[in-house]
């Protein structure tokens, strides 16, 4: 008998992966968490039936959400990660010696515990001495943080439903602005522009960021296991433009080995398809 994981992208579209084994299933006070093993994508973790991370393509998401802001400001020292319980974003941040402090705020401890056991490709740097883990609500953590206390905030959240909903609110973005330094950058995952539900949330988030931050841009990556494969990220800043202020030479001198991100991809990721540009221009 064959076992398949199937995720509903829309009422009319589903995405399936043939599964060898269902490695873990559990329910925290917030959400359902599952881990599967497959031939094509290796181990993968889902939350409430939605794909979060796979062994085969996780590097794309984690490199793009991390290296784009870092290559824009190589002087970043204090970083706040909201969500990111699998640890992949922290892993990429830990590669920068200039970073002194990484605070990771994950509402669901079970996500971290399960990732440590099954998704070690991502969670391998959560014990870095610069990393502090906080198991609490990210919205409240940001609200209580001191002014100008972080150089970079990465919102590595689930979709804007359930526990992740508040991380797409105007009040949350205003608090992020307040706790960022003058050269501070906020990056978030911004859903897909392709299917209507994802596109609606993407437009809402982008509109809110534009109202709060002087610089607000959108960039993209191809992530095969996310709905449509076309995924967007938001980049918001008080001063720094990710294209004009890209420190290509400085970043390349670090000689970081990557699988997806490079200096050309950095620039190219901001060159959006026409239909996405038009969506973002809609009031």
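Placement of Cβ uses the backbone N, Cα and C atoms for every residue, glycine included.
Listed in Swiss-Prot:
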ACT_SITE  156  active site, proton acceptor
BINDING   31, 106, 137, 138, 163  S-methyl-5'-thioadenosine binding site
BINDING   62, 86, 156, 157, 158, 159  spermidine binding site
DOMAIN    2-238  domain 'PABS'
Once the chains shown are all counted, how many other Cβ atoms turn up within 10 Å of the Cβ of residue 138 (S-methyl-5'-thioadenosine binding site)? 27
Cβ atoms other than its own within 10 Å of the Cβ of residue 31 (S-methyl-5'-thioadenosine binding site), all chains, total 20
Under 8 Å Cβ to Cβ from residue 86 (spermidine binding site), same chain, six or more residues apart: give me those in sequence order, or none if nothing qualifies. 45, 52, 53, 58, 111, 115, 119, 122, 123
Mapped DSSP class for residue 156 (active site, proton acceptor), helix or strand or coil: strand
Averaging the pLDDT values of the domain 'PABS' (2-238) gives 95
Whole-number Å distance between the CA of residue 137 (S-methyl-5'-thioadenosine binding site) and the CA of residue 157 (spermidine binding site)? 12
With residue 62 (spermidine binding site) as reference and a Cα-Cα limit of 10 Å, the qualifying recorded positions from 31, 106, 138, 156 are 156
May I ask you to report the DSSP-based helix, strand or coil state of residue 106 (S-methyl-5'-thioadenosine binding site)? coil
